[in-house]
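Heads up, the thing below is written out as C-alpha cells.
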Amino acid sequence: MAHWVDVCSVDDLQPNSGVCALIEGQQVAIFYMPKEKTVYALNNYDPFGNANVLSRGLIGDIKGQPVVASPLYKQHFNLQTGACLEDETVTIPAYDIRIENGRVKVSINAE
Amino acid sequence: MSAKQVLIVIGNGMVGQSFLASLVDSGLNDHYKIVTFCEEPRAAYDRVHLSSFFSGKTAQDLSLAEPDFFEKNGITIYIGDKAARIDRDNKTVTSSKGVAIQYDKLVIATGSYPFVPPVPGHDRKNCLVYRTIEDLEAMTVAAKTGKVGTVVGGGLLGLEAAKALKDLGLETHVVEFAPRLMAVQLDDAGGAMLRHKIEQLGVLVHTGKNTSIITDGEQCVNKMCFADGEELETDIVLFSAGIRPRDDIARDCGLEIGPRGGIAINNQCLTSDSDIYAIGECALWNGMIYGLVAPGYAMARTVAADLAGNEASFTGADMSTKLKLMGVDVASIGDAHAKTQGALVYTYQNGASEVYKRLVVSQNKKQLLGAVLVGDASGYGTLLQYCLNGIELPENPDALILPPRSDESVGLGPDALPNSAQICSCYDVTKGAICQAIEAGSTTLGSLKEKTKASTGCGGCAPLLKAVMNCELAKHGYVVNTDICEHFAYTRQDLYNLIMVEQIKTFDELLENHGKGKGCEICKPTVGSILASYWNEYILEKEHIGLQDTNDTFLANMQKDGTYSIVPRITGGEINPDMLIALGQVGKKYKLYTKITGGQRVDMFGARVDQLPHIWKELIAAGFESGHAYGKSLRTVKSCVGSTWCRYGIDDSVGLAVELENRYKGLRSPHKLKFAVSGCTRECAEAQGKDVGVIATETGWNLYVCGNGGMKPRHADLFATSLDKETLIKYIDRFLMFYVRTADRLQRTAVWMENMEGGLDYLKAVIIEDKLGLCEQLEQQMQYVIDTYHCEWKTTIEDESKLKRFRHFINSDKADDNVVFVEERGQIRPADEEERKHFKIVEVA
Ligand SMILES: Cc1cc2nc3c(=O)[nH]c(=O)nc-3n(C[C@H](O)[C@H](O)[C@H](O)COP(=O)(O)OP(=O)(O)OC[C@H]3O[C@@H](n4cnc5c(N)ncnc54)[C@H](O)[C@@H]3O)c2cc1C
Ligand code: SF4
Ligand code: SF4
C-alpha cells in the first residue's frame, strides 16, 4: 500500500525549478513545472558528485524526456524514472508524487 | 641498423627547425643521432612575426620549438655555439666553442644576413639591422633616446621595419635607392599608390636616393648625406637593403658557391658534396635565393623525404606574397612585371578609393601569369589559385579586378579548386589536407587552424580557408549545426538579436515564439544571461530564476560537497583594514575556510545554503557588495600598486582598476571576464594574460585584449596605444558589448577573436574605426547596463520572499547531514568519503 506523506503547500515549490524536502529521513528533490501542472520527485543525492544537490539543478527536457541536470558535473536524470541519460547502469530513486487540494504529497516507500 | 648514423644540422632557424620537425614526423630520429648547432642564444623562433615583438609578444611566444622538443626526441642542441668549420675529408664539424663531431650526413641551414651597404659611417652608433630578437632589443633601446628613425630600403622588410619605428613613436623616414617602393614586387603605378598611402600615414618616403656617407648630426645622433647633395638628420639608421646568404662555412670547405653567393644545390637540395645538403635562405637553387620561409620549408621536406629513401625533389617555389603594410593591403602574384613573352596587361586604377590592380595574362587570355594589388587585396586568394593551378580564366579576365557592378561575385568558388590546390602557402596546406581535417572532425575555423596550421603564418589565406571549410561542410551534408541546443535552432548571437529586435523579456516568450520543448541546462542559462546583459533585470525574479545555473540561483559558488563559497567584491584589490577585519570576523563567526584568490580577493568556503543570507547581511552591513564570482560576468580588475607607491610607476593603476571595476561590475557576459591594470611596462598585474589588460606608458594607456590564462593560455594582443582615459573607456565599452552580442555561449574573448574572420584587424576596424556603424549603439547599451546596476545580494536580503529558497529543506530546519568537515592546517575542509563514513558512525554511536 502506498503511504502518502504530506510535505508542503504548492506555493512552497519553486516554479520551473526544484526544492528539497526531508521525508522520513530521506532527502527528496521536488521539481515543479507549473505550465504543465506537473511535479516530480527524485532522491536528492547525486551519485556522481556524492553530494545532496539535485534539487538545485536546472530542469528541462532532452528528446522529450523531462530531466534534471546535476549542478556539479551536469549528468542528466529522467525526472519520472531516475535513470541517468549518460550512464545506463545508474538509476537513482524516483518517488510517486501528487498534488491534492493545493498540498504536495509524496510516497517514498512504494513497492 | 646497428650503430646510429650521425646527422648534423648547422643553424636552428625557421627552416632548420622545420627540418627537425619533419625528421621527427617521419621517425628518422630513431635512425639518426641528430645534433644541431644554434648560433643564437635561443632555439628557433618565428622570424616572420618578429615585428609582433613590438606589440607585446615575448621571445617565448615566438618560439617555434616546444621547450622539451629536443630532449623528448633525442636531439642534441648546442645553443649559443656556432659551427665554425667543416672538414669534409674527416667528415667533421667543429664549433667555435671547440665541440667536434663526426657526421654521416650534414645539413646546412644557416639562413642569411642583412646586407649593409659599405657606405662610410655604416657602423656608427645606432646604425642597426632588423633580423633577430637582439636587433629588436637594440632598436628599443635606441628609440628611448631618439626622435627620428630612418629605414634604408623600401622593400617588404623595410616597410615593416618602418612601421616598427613608427610604433616606437619616432618620426619615420624611408630611403630607397630605386625610383619606387617595393621595386621587386610592384610596378611603377602600384609603387606610387603605395607611396601615397604610406605618406598619408605620416611616414616620409625618399626614393631615388643614394646614401654616400653617414656622419655626426647636429640635432640627431646621425646625419645621412645623399649623392644628390641632400641631407637627412636621424637618430637611428636601420638597414634593410636586402639579404645575403650565409655561405662562408660552405665556401671555406670548398663546396660550390654561386657567382653572387649562395650554396649551390640540386633538386634534392644536395650540394656539390653528396653527403651535404643546404636548405633555406643560404641555398641557391637554379640561380635563385628564396627570401621567404615557405620555399625553405619545401626544401626541408624534400631533404627529410630523401633521407627516408622516398623520392622527392624541390622544383622551385611560388614567390607570391600578400601582406598588410601599415594597414595598406599589398599583394603580388607570379610574373607581376609581365616579363613573359606576349603577356597582356589589364590595369584598374581608382584614384578616389586608392585602389590599384593589375593582371598579367597569357597571350591567348586563358592563363593568369601574374597580378599586382594595392589598396584592396581581397581578390588575392582567387587570383593565386588561377595562377598556381592553371585554371582557365573567364572570358573577360578584367572582370576579376573590376569592382562588381552587381551582387554576382566573380570569385572562384572553392569547389572549382582541385584537391592539390595549395590554400596556405606558408605551411603548404592543400585543399585536400583541409578536407581531411574536416572529415576528422575539425569543423570550426579555430580547430582547423590548430590541426592543419593553415592560416597561422601570414594569415593571407584566412578568407579562402573559411570558404573551403563552409563549402566542404555543406557538401558533406555535415550541416554545421550551430544550433545552441535541441530547443532553439539558433546560435547565441541569433538569440541575442531576436531578443533585441523583438524586445523579448522572458524565456517563455522566446521559447513560445522561436523554440520548442521545455528548454534545458544549455539554453536556459544562455537566454538568462542574454536577458540579463540586455535588460539587466534582477536575475532572481520569478520569470528568470529557473534559468539560472545553481551558482547564480544562490548567488554563490557551489563546491564539491554542495556547500558554497562567497567572494565579496574588493575593487581593484584595494581594501582598508576595517573591511579586512570585518571579513575576518564573518569568516570566523561562520567557521569558513578562507583563501586569497588569484584575482586579489578573499574567498570564503564551506557556507551552507541556509547560512548565505545571514553571512551576506553582515557583509553588506560592513559595506561589501556582491563580487559576482558566481556569474558569467566581470570578475576582477587586478592591479599593481602603481605610481602612488611604486617607484617605477607611471600612472595610477589602482585608481583606474577601481574605476573600471565599478563601471563594469555586474555585466553579464557569454563567459567570465577578467581585467588587469599595470602601472608601468614591468607589468606586475599580468594584464597581458587577461580579457582586457591596460598598461600605463609615458604617452598614455596601452590597451590589450583577448588574453587568457587557464587551460589554454593566450597572450593578449595590443589593441591600441597611448590612449587618454576617456578613449580607453570608450574602446572597452564597445569591445565588451560587441563581445556580449556576438560571442558563442561559454566562449572566452580569446577563442571568440580567434574564430572571428579577420581576427584582430577586423575587431579594430569595428571598435576603433566603427566599420559597422555600431559604436554608438554599443556605448548606449553599456551605459544602460551601468545605470541599472544593483547589488544582487542587497536586493535579495531585502526581499523576504526570495529568502525562502535559502534553506536546505522546504519542510524542516535541519541541515544537510552529508556535509561534514574535518580540520586541516588550522581550517575546515570537506571530509573525504572514508572520513565521512567514520564520522557518521561515531556520531550515531
Ligand atoms: C622582420 C622579418 C619579416 C619577415 N617576414 C616574412 C614574411 O612575411 N613571409 C616570409 O615568407 N618570410 C618572411 N621573412 C623571411 C623569413 O624569416 C626567412 O625566410 C626565414 O627565416 C628563413 O629561414 P632560415 O632557417 O633559412 O634562416 P634563419 O631563420 O635566419 O635561420 C638561420 C639560423 O642559423 C644560424 N646560423 C647561421 N650560421 C650558423 C653557424 N655557422 N652555426 C650555427 N648557427 C648558424 C643563424 O644564427 C640563424 O639562427 C621575414 C624576415 C624578417 C627578418
Ligand atoms: S607594474 Fe610597474 S608600477 Fe606596477 S608595481 Fe610593477 S613596477 Fe610598479
Ligand atoms: S584549477 Fe582546477 S582544481 Fe583549481 S580551482 Fe580551477 S577548476 Fe578547480
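Just so it is clear, glycine is given a Cβ too, placed from its N, Cα and C backbone atoms.
Feature annotation from TrEMBL assigns domain 'FAD/NAD(P)-binding' to B:7-287.
TrEMBL lists B:320-383 with the feature domain 'NADH-rubredoxin oxidoreductase C-terminal'. With helix defined as DSSP H, G or I and strand as E or B, the domain 'NADH-rubredoxin oxidoreductase C-terminal' (B:320-383) counts 4 helix, 33 strand, 27 coil.
In the domain 'BFD-like [2Fe-2S]-binding' (B:423-469), the DSSP tally of helix, strand and coil residues is 25 helix, 4 strand, 18 coil. Per TrEMBL, domain 'BFD-like [2Fe-2S]-binding' is recorded for B:423-469.
Residue counts for the domain 'Nitrite/Sulfite reductase ferredoxin-like' (B:559-621) by DSSP state, with H, G and I taken as helix and E and B as strand, are 26 helix, 14 strand, 23 coil. Look at TrEMBL and you will find B:559-621 tagged as domain 'Nitrite/Sulfite reductase ferredoxin-like'.
Annotated domain 'Nitrite/sulphite reductase 4Fe-4S' per TrEMBL: B:631-767, in sequence order. Counting residues per DSSP class in helix, strand and coil order gives 51 helix, 35 strand, 51 coil for the domain 'Nitrite/sulphite reductase 4Fe-4S' (B:631-767).
Residues annotated as [4Fe-4S] cluster binding site in TrEMBL: B:C640, B:C646, B:C680, B:C684. Within the same chain, residues at least 6 positions away in sequence whose Cβ sits under 8 Å from that of B:C680 ([4Fe-4S] cluster binding site) are B:S643, B:C646, B:Y648, B:G649, B:I650, B:D651, B:I695, B:A696, B:T697.
For B:C684, the entry in TrEMBL reads siroheme binding site. Cβ contacts within 10 Å of B:C684 ([4Fe-4S] cluster binding site), excluding its own Cβ and spanning all protein chains shown: 18.
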Given the binding-site residues B:C640, B:C646, and counting only Cβ atoms in the protein chains shown, which has the most within 10 Å of its Cβ?
B:C640
Neighbours of B:C640, B:C646, B:C680, B:C684 excl. site residues, C-beta within 8 Å of centre, [4Fe-4S] cluster:
B:V641, B:G642, B:Y648, B:G649, B:S653, B:S678, B:G679, B:R682, B:E683, B:A685
